[in-house]
Amino acid sequence: MDDTKTASPAPARAYETPPAERPITDAEAARAAALSANEHIKIASGYLRGTLADGLLKHATGAISEDDGQLVKFHGMYLQDDRDLRPERTRKKLEKAYSFMIRLRIAGGVVSPRQWLALDDIARTYANGTLRATTRQTFQYHGVIKSNLKRTLQAIDAVLLDTIAACGDVNRNVMAATNPAQTGAHAAAYRLAKDISDSLLPKTNAWREIWLDGERVAGGEDEAAEPVYGRTYLPRKFKTVVAVPPSNEVDVFAHDLGFIAILDKKNALKGWNVTVGGGMGMTHGEPDTFPRTADLLGFCEPADALKVAEAVMTVQRDWGNRKSRKNARLKYTIERYGLAAFRAEVERRVGKPLREPKPFQFTGNGDRYGWVEGEDGRHHLTLYVPSGRIRDVEGGPRYLSGLRRIAEIHEGDFRLTGNQNVIVANVPAGARAEIDRLVAEYGLTIGAGALRRNSLACVALPTCGLALAESERFMPDLLTRLEERLAAHGLRDEDITVRMTGCPNGCARPFIAEIGFVGRGPERYNVYLGAAFDGSRLSKLYADDVAAADIPALLDPLFAAYARERIPGERFGDFVIRAGYVARTVNGPDFHDRTGPLRAVA
């Protein structure tokens, strides 16, 4: 764990006084012109119904209305278009090539073989023929056209899955540690993730009404009230994870709310350290937006974890900024009111004080590849999936077909990791040989080079409307060039975290990678260095607006210096700080301070 988490506290600073009561009542919200546009959309939506049902019947367009485009996120979807086709369609005076991205809610990332087969069928029938494992332990479909939305969601529902709250201003998909060697701890983490997901799920019946042709609740929207969320839901997205040391593969410090398992010497659960206020997104050129690593709030007993989760979320519901969405995440709420005031209000709502955090140690945030035997004697195979894209590559690995064949004979389950990989889990010893045969037959990858196995990339172009540059499509080529530079300095087998996003919203968590690339414009990136290998420290901007072709040459001298000057066991992110190439980021507010190279590379 990065030592900045236990450093001496900063000098006292002045914080604003928290509101005494919930600031947004329905009556206030309805007439408050100062609220962001999204707040008015939520208030008028009838608990997330809007005009979605009518919009699906408008066959003259592949899109939906702008307001419904915000509401459909709560249902687990984003309206997108193929940006590669925009110029041609504009020239022909055609509408954009609209389609929808659909994201599932899969708490803890666990699916059965039956569910896997159904999800595979959906990908081939209604989407673009691929499954995309995300950085938050679930699946996304891309390329689903409006006329297929209902069919797709009904097929998902048929195998007891859904997309409710996978996006939007709610508690989103809850992640859980997947370390297969720690069977008991994983089970505890998974149970908590499931319980939080179910407990904080929106209660509106809108999803079933619209997508499954369910009946409207008697009495209409007034009886479909949200007892926790209310009409306005949360000010912004809210992300929750459950981690089990020593692995931080869920990147607990990058999320709004985290639970870190504290285990005894027999790996039995003693309780949870609670973290609050992490988040990656920011906006280029706006220093009042920044990534932030979470603070340790305290320790809670296992029986209190659900109460703590709801309390943290509802304090954010009541204290969060509903006027400016760019400053609406929990990280800004804590910066505004202070951790002490936030903790006091959480404790008041829980009904008891939190204890002080317990010691723990993370050693990294990557996955363990290959076969691992769990404490219960079951076996687990972690497969490397480049950028999480499960597809068949002509002349290369056939992930879609290979994993389908495994699902047809597998008796355990599948687990998605926060690093976009897939675990074939709970395999009896006698079934390993057949799975190994299928892995070899379909060219699936058990491992990868050191740089690739520690890499992440978001989707970006052509479907993401926010992307400023390529990510998933460019990352493999860039990794090849960086691997060549590392090999030249004897560093081919050095584990270094490297992540890329097409914009600064940070879906692939680039600001806690030792090397982070963030899209600035077409074929141009900001380069960030100096994060901790275990995900506990933010990086710092090293070079601004770098041409994609120049990135290897920019980093090569640093690789050479690292090979010459590192001390035994020193990670690359720690080295560039110790050697004076970049400043250490203590936390979010100073992320934009002292940027750029502090000295030239010898």
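The backbone N, Cα and C atoms fix where each Cβ goes, and this holds for glycine too.
Sequence-distant neighbours of C503 ([4Fe-4S] cluster binding site) (same chain, 6+ apart, CB under 8 A from its CB) are A460, C464, L466, A467, L468, A469, V518, G519. The [4Fe-4S] cluster binding site annotation in Swiss-Prot covers C458, C464, C503, C507.
Cβ neighbour count for C507 ([4Fe-4S] cluster binding site): 22 (other Cβ atoms within 10 Å of its Cβ, all protein chains included). Look at C507 ([4Fe-4S] cluster binding site): DSSP puts it in coil. Taken from Swiss-Prot, the feature siroheme binding site covers C507, and the record attributes it to sequence analysis.
What Swiss-Prot records for 1-23 is region 'Disordered'.
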Candidate with the highest Cβ count within 10 Å, taken from the binding-site residues C458, C464: C458
Where C464 ([4Fe-4S] cluster binding site) falls in three-state DSSP terms: coil
Additional residues around [4Fe-4S] cluster, ordered along the sequence, whose Cβ is within 8 Å of the centroid of C458, C464, C503, C507: V459, A460, L466, A467, S471, T501, G502, N505, G506, A508
Reduced DSSP assignment, C458 ([4Fe-4S] cluster binding site): coil
